[in-house]
Amino acid sequence: QCLYQFLAFVPPSNESLRKPGTASVMVDTQHPLTLLLNSSVGDRDLCKIQYHFGEFGNYSLVVKTLSTSTQTVSCDLIINEGPINSYLPILFAFLVYMGILAILIAGRLLMKIDPVRNWVYKKLNPRATDRMINSELGSPNTTDSINFDPAPQSWSTGSRQRLRSLDTFRGLSLVIMVFVNYGGGKYWFFKHESWNGLTVADLVFPWFVFIMGTSIALALGSMLRWGSSKWKVLRKILWRSFVLILLGIIVVNPNYCLGPLSWDNLRIPGVLQRLGFTYLVVAALELLFTRADSGTWEGRFPALQDILPYWPQWIFILVLETIWLCLTFLLPVPDCPRGYLGPGGIGDFGKYPNCTGGAAGYIDRLLLGEKHMYQHPSSGVTYQSTMPYDPEGILGTINSIVMAFLGLQAGKITLFYKDQPKQIMSRFIIWGIVMGIISAILTKCSKEEGFIPINKNLWSISYVTTMSCFAFTLLLLIYYLVDVKKWWSGAPFLYPGMNSILVYIGHQVFANYFPFKWKMQDSQSHAEHLTQNLTATTLWVIISYILYRRRIFWKI
């Protein structure tokens, strides 16, 4: 439902020289396009062609007059040079990483052979080698700290082993986030969707919020069992929320390049800001109702022991969601239809060019000011919207709290059904199915036609339920492989997952420095971009591994 945009003017043919009029243009290849050819005389539509062009292809649209009396023309699309297969670099990168993985697995198997292991002992320091071989990649000594990637404790007081699946899940989300932020090889599916819909880039942030909620449930219960008072824990929650928000505003903010006093255009919302505020609300909410002893609930309906004792929390979350729905669909927005969820710009046939985000954008512009919001939203790419819009704005934070609360529910499941992996996995399955059904109802299983479309910019409730469905499913799979069957150690995602604050801030601060970035020979090459982005991401995994081996963990 986009307005047609002027592409080119084709001059008339030169009859005397028998030379046709020509015009050269470059078009987008992400989506199928509709080309409309108009006559300059009478503004009559001559032909309309729908086609999905390929990257670096060369095409000709040949227009011929068939009859001057009836003014009929023919339009034929000719492929002069076929498009390239832009996905070959991804295949090559996949094969390289699979080769490295095969070598590591083969090396690990060889080390189980006594002669090989003895030979290694002779060549290397026996003590260091023994530590390297026999290490189970265990967790660091945990402290009583609690942050947005806290050290979840096990359920028995006699053991302090971490749930490695949580670190692995967090690390997987973080690695994808780093790769996407570095450019994702300039592939469209590694960029955020322009408006409605999902790409790979849209998955990682809500997963990160989800696992933060899971960690809150485990860490708070552990701290209280080890004797910390609720007031002491609350002070830690307040302090860490403040530090996260401060880091987001001052450190992870491109405005710092303009100097320490350049506050006129400082972006106030952001990823760390949203994490900090979401953490504050969900952790404080859990602190009010958590118990030091998370034993079996003695009330009715024992199958719902992870839900019913916390009914005030659910009422609070439902009230929050009601506020989001009322503000989104009932708040009057000047010059915009009530309940508008569109991108503005040329979307919706250009009827509401300044209504990007509807109530969400209006609230941010009203409370924060346009200069303190994100100035280049993803909607500007396809829909050519000119209004600033912040995907980490105020209204969307309500649904990020809901996302973290659903992650908190996953943490409660692991607490209440300790030492019962079948119960834990079955409940993850049930929650995943429930969230999927809610998403199907809200979206009508479509991208654009649902009651509430999936939209990362708006953090719509359907986006939250869909991402929660994926998160419960993925956590189930990782939990089964890592903590139940122990078929996978969680490497290499385990390492960045245990140093997530350092990796996230570091990859932002050093994004434009070598060896994370360098001057490329061909800026249009997917292969060069993919090589650079994968190299930078791999370096952060290596850095986190080195820090892990040295037992260095940056906590807030």
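Any Cβ shown, glycine's included, is placed from N, Cα and C.
Database features (TrEMBL):
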TRANSMEM  90-111  transmembrane segment
DOMAIN    162-282  domain 'Heparan-alpha-glucosaminide N-acetyltransferase catalytic'
TRANSMEM  169-189  transmembrane segment
TRANSMEM  204-225  transmembrane segment
TRANSMEM  237-256  transmembrane segment
TRANSMEM  271-289  transmembrane segment
TRANSMEM  310-331  transmembrane segment
TRANSMEM  394-417  transmembrane segment
TRANSMEM  424-442  transmembrane segment
TRANSMEM  462-481  transmembrane segment
TRANSMEM  493-510  transmembrane segment
TRANSMEM  530-548  transmembrane segment
Please determine whether the transmembrane segment (204-225) and the transmembrane segment (394-417) are in contact (criterion: at least three Cβ-Cβ distances under 8 Å, sequence separation 6 or more). yes
Over the domain 'Heparan-alpha-glucosaminide N-acetyltransferase catalytic' (162-282), what is the model's mean pLDDT? 87
Give the one range among 271-289, 394-417, 493-510, 530-548 whose Cβ atoms make the most pairs under 8 Å with those of the transmembrane segment (90-111). 530-548
Report the listed stretch (271-289, 394-417, 493-510, 530-548) having the maximum count of Cβ pairs within less than 8 Å of the transmembrane segment (169-189). 493-510
Of the listed stretches 271-289, 394-417, 424-442, 493-510, the one with the highest count of C-beta pairs below 8 angstroms to the transmembrane segment (530-548) is 493-510
Compare 271-289, 424-442, 493-510 by their Cβ pairs under 8 Å to the transmembrane segment (394-417) and return the stretch that comes out on top. 271-289
Excluding the flanking five residues on each side, which residues at least 6 beyond the ends of the transmembrane segment (424-442) place their CB within less than 8 Å of a CB in that stretch? 306, 406, 409-410, 413-414, 417, 450-452, 454, 461-462, 465-466, 468-469, 472-473, 475-476, 479-480, 484
